[in-house]
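A quick write-up on the structure given underneath.
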């Protein structure tokens, strides 16, 4: 029996190796011939992006060459001598045109507005100290120097002898005044700013102005103690903001292809941004712009009919979506009769033929079922609104443009194209055969979201390679008058790549794209091994072990992504993610469970804590460890406002990591429960209250970052 199993395994391994060898052979052949096959583009997605950009640049080149030729003909007719003998592709004799500034970080996207817009409207800063200081100093500077446009320079001070915060705006103001023939020393400018501040600020102890122009701000320690007491009694209250209707477009996998590591960042970052918006009370639309339409569905439907003829009665058990897609593509490439049927099904699908639409729905349902497993693992809530949703809306879009903005369209080689303001690469609105493009679809989506969904903010969480395309679409939306960028926020939240240890795009050992389900399953396996290695299976029930395992497995993957600056690439490493030291999810979860363990002790009674907090409006925080922790706790609102503006989640990760570190320091330096020999354990209630506030603040951060809380680990 054992020999038979080994033989079967050998056959299986041989078959897999043969398939892999055949795949590699096809890829090599395609590269040698210079053919951009679907398989090649799937294994090297950068080629697809490069091809799209190359096609657009080729088009731009042809426009320039035509312009040069026309200008040369005019010059010859008018007797103007050429100033250069360079090739037609040279820009020397080309007519001057407004061109977009190239930017390596945006993939050559046109520059955004020069003046930054504050899209976040704060109605009540709550416990935010930095936010309130910003508001006070902005007004003071405006009152002292009306009409002078200078940025506010306000920051925490690294040295406590210079206070808690420092305003350094006096120096650039003095420089600007000097440029306007007004001579004032920075120290005098600083005094004028101070004079415009309220004489009494409840959270400020004193303000010192230095001769060099530095304004040092010292916080009122009693105010901080009172605020911590309020947090303990009333819970965490984030700043009150003017409510916005926000749409976040994220994740967006293709139907009939399993989610892979390339979808990881958009899914995690997009979900966390949604959680942040929801935490401050915004009305959030979570949109999954799935690729559920296109000519590829013809071959998929034809293959479905052949493989699962009873699909109309029973949802087919397609165990490997990738294999199903590749099988259909292979038949499409090699079988002319199959290809003919596939094209017929495309026409029928576009005509909304009943059975063909059911077949299309079946393929979509199978694919969505797989996607939902990933979303369940990662606690992602999202609504599918795919390409198919915009099919009718693209027709409406073209009619709208031709009726309302006909001058913006021009015909070129049978295509209807447009050049939005500031963009030197066009959008193709209608193809020469009358069909539509991704440009058309994205324009229709933007129009629908701004005019029909009436979104105040429209956030696209898409990789940085799409920056040029998206900024061009946004520019078209502004030209069409769909939104006013001084009021409505339409923004591309770009992110970098996930890399392997070799600093190349993350792949399997065989060079395949890493399936997201496989990646998450590996995380579960490694988290289990880590917990067993620490001997935790003996200290926890089976239910607690599973909860800890999932919190660590999925939390470490999420946090590793979010804790890196999103615009940069990062190296994926389970070993680093599962470290219990440093800026990792495990370290944060360990800090949280340490707090929970304090509240599980027999000496701690929640009813006693509630009574203590109710009778103590000002917590007696005197130890340096207590005070450092308290100050960090009160920075949560400032952190939230910062991330709402930047949409950089690593800033929140930095905040909660610093909080966890300060809590560990506090825990090691300050007894919460003091045990003296022969005496009853003594509970320091003010420190217990500080622990309670810390876990509440950490819990708020965890919810925004999408981490699961655990009581034991």
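Each Cβ is built from the backbone N, Cα and C atoms, and glycine gets one as well.
Predicted, not measured: the structure shown is a model, and the values here were computed from it.
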Between 228-239, 240-251, 252-263, I'd like to know which one Swiss-Prot lists as motif ''HIGH' region'.
252-263
Quick check on the annotation: Swiss-Prot has 252, 253, 254, 263, 438, 442 binding L-arginine, so which of 416, 466 does it put in that site too?
466
Write down the single range among 74-113, 114-153 that appears in Swiss-Prot as region 'Disordered'.
74-113
Using other CB atoms within 10 angstroms as the count, which residue among the binding-site residues 252, 254, 466 scores least?
254
Quick check on the region 'Interaction with tRNA' (583-597): DSSP residue counts for helix, strand, coil, in that order please.
13 helix, 0 strand, 2 coil
Taken over the region 'Interaction with tRNA' (583-597), the model's mean pLDDT:
96
Three-state composition of the motif ''HIGH' region' (252-263), taking helix and strand from DSSP:
3 helix, 2 strand, 7 coil
Whole number in angstrom, please: the longest C-alpha to C-alpha distance across 252, 253, 254, 263, 438, 442, 466 for L-arginine.
19
If you draw a 10 Å sphere around the Cβ of residue 438 (L-arginine binding site), how many other Cβ atoms fall inside it, taking every protein chain shown into account?
16
